[in-house]
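Visitor: Sharing a structure here in structure tokens format.
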Amino acid sequence: MGEIVGKSNSNNSIISVADSMGEQQFRTTSSLKTFSRKSFDSFRIHSFDEENPTIIDGISFSSAAEAAAAVSGKWPGNNNNNKEELNPQDSWLPITESRHGSIYSSVFHVLTSGIGFQAMLLPLAFASLGWVWGIVCLSLAFVWQLYTIWVLVNLHESDSGLRYSRFLHLSIAAFGGGTLKLFFQNICGDGPGLSCKAQSVSGVEWFLVFTCMAILLAQLPNLNSLTIISFVGAVTAIVYCTILWALPLGMDRPNEISYDPLPTNSKMDKYGDVLNGIGIVILAFRGHNVILEIQATLPSTPKNSSTKTMWKGIKIAYLQIAMILFPMAIAGFWAYGDKITFNGGMIKALSQFHGQDLSKFVIGLIYLLIIINCLCTFQVYSMIVFDNLEFRYTSIKKQPCTRLIRTVFRLCFGGLVFFISVAFPFLGSLAPLIGGLTMPLTYSYPCFMWISIKKPLPNRPMWLFNMVLGCLGLILSVFLVVAAIYNLVDNGLNANFFRP
């Protein structure tokens, strides 16, 4: 006989228990209610406003009957496939429409969202920081962001059973159009070994090609359905990153390379380079804004919460990420030293210094893998945007999106991404600035969330630890943004609007 104790902070609550015999509800007017059941699959406490019974857990319903039906999973339009949802909107939206994910799907999603082209710039950070401080900063950043992921995973499910399935996201980044053009030029170049005579298209047209391919893949209904896409994205990321750092190890290094920090004209320039190097390291670790969404695809029961499954997936995925980022930074810096450039990072250095020693097939394969990875990564991050769009629609209409509405939303978003890619093709030059602005998302906000939700005793170790980390992240973010702006003012920005 199992005993459940439900406690509500308010004077009124609805306690919903679902078991193999069905779902029962108990309305309490006191702050504590105890009852027993032989077995249960889900347990939720839903607060309601006595003066306005159409509001439950802050969700507004059109009538009291509709609100009561929502608790039992019988809101109009709900197919009741997922009884653990209070708000049936969750069963309509791309993130939470399917909670049948597994540890494998979580690993693939995390790898796809966690590895990107930013990794190719890590040797450039070492060129500013040097060997020792480069390795120290990379190690500290890895441990720090892994801790904040642990915080997010453990905050996903509250003590009352409420699942926090979404993180306010920061988007949109430019995806893959430039790499498509490089891939075409490699296959259909104008030099010796010409393999075809096709005429290349403009940068705008390449962005359009990539956008069309991305939106075609974006027609998959929900995040869990992207498991195969994320698997392909994870494999391509691992393969192209491994090729990029492994190939130079067996080749001659460029002449007159140096491993000393880059020379500067003043102390301000020196500080700016160091902080920009830190910003590049920070930018290499990404994906925190989709961790909760990925965890939302996992099933959760009192015996086996999604927290356990997700953390196992995180450990597997980040072991792979560490095996990619650390060799990329160390081997890349060893191979090219101060010759590494900001524009293109490792892929540009490999083409510039060893392009003549590599076949078109190898270079073309790297470009192709990057394109495929960008397409897969686009799907994971854009699903968060689709979820927000559909949330607004279903909040107004009180019904799920039709297939036509979903397609329209995704086409419109694709058009927006295309417009931004063409209008602001220089966004990649703002990587250090973006790294500084987004640093709190990865390194600070989760720490403050832990303090706010878990409410550890003030001045105790866990409270102090999270407060110090959160504040340190905010302070460092300010320094990184200032340094990035200083470098932009000092060096200028090629703001080639509408000329990709």
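Keep in mind that glycine also has a Cβ here, set from the backbone N, Cα and C atoms.
Below are the features listed in TrEMBL for this protein:
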{"type": "DOMAIN", "residues": "100-169", "note": "domain 'Amino acid transporter transmembrane'"}
{"type": "DOMAIN", "residues": "175-485", "note": "domain 'Amino acid transporter transmembrane'"}
{"type": "TRANSMEM", "residues": "107-126", "note": "transmembrane segment"}
{"type": "TRANSMEM", "residues": "132-155", "note": "transmembrane segment"}
{"type": "TRANSMEM", "residues": "167-184", "note": "transmembrane segment"}
{"type": "TRANSMEM", "residues": "204-221", "note": "transmembrane segment"}
{"type": "TRANSMEM", "residues": "228-247", "note": "transmembrane segment"}
{"type": "TRANSMEM", "residues": "274-295", "note": "transmembrane segment"}
{"type": "TRANSMEM", "residues": "316-336", "note": "transmembrane segment"}
{"type": "TRANSMEM", "residues": "361-386", "note": "transmembrane segment"}
{"type": "TRANSMEM", "residues": "407-427", "note": "transmembrane segment"}
{"type": "TRANSMEM", "residues": "433-451", "note": "transmembrane segment"}
{"type": "TRANSMEM", "residues": "463-489", "note": "transmembrane segment"}
Visitor: Below 8 angstroms Cβ to Cβ, which residues of this chain, lying six or more residues outside the transmembrane segment (316-336), approach it?
Guide: 103, 106-107, 110-111, 114-115, 119-120, 122-123, 125-127, 131, 134-135, 138, 142, 146, 149, 234, 237-238, 241-242, 244-246, 248-249, 251, 253-254, 257, 259, 284-285, 345-346, 349, 353
Visitor: Contact between the transmembrane segment (228-247) and the transmembrane segment (463-489) is defined here as three or more C-beta pairs under 8 Å separated by at least 6 residues; is that satisfied?
Guide: no
Visitor: Sequence-remote contacts (6 or more beyond its ends) of the transmembrane segment (228-247), Cβ cut-off under 8 Å?
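Guide: Same-chain contacts beyond the flanks: 105, 107-109, 111-113, 115-116, 119-120, 217, 220, 320, 324, 327-328, 331-332, 335, 346-347, 350, 354, 358, 362, 365-366, 369-370, 372-373, 375-377, 379-380.
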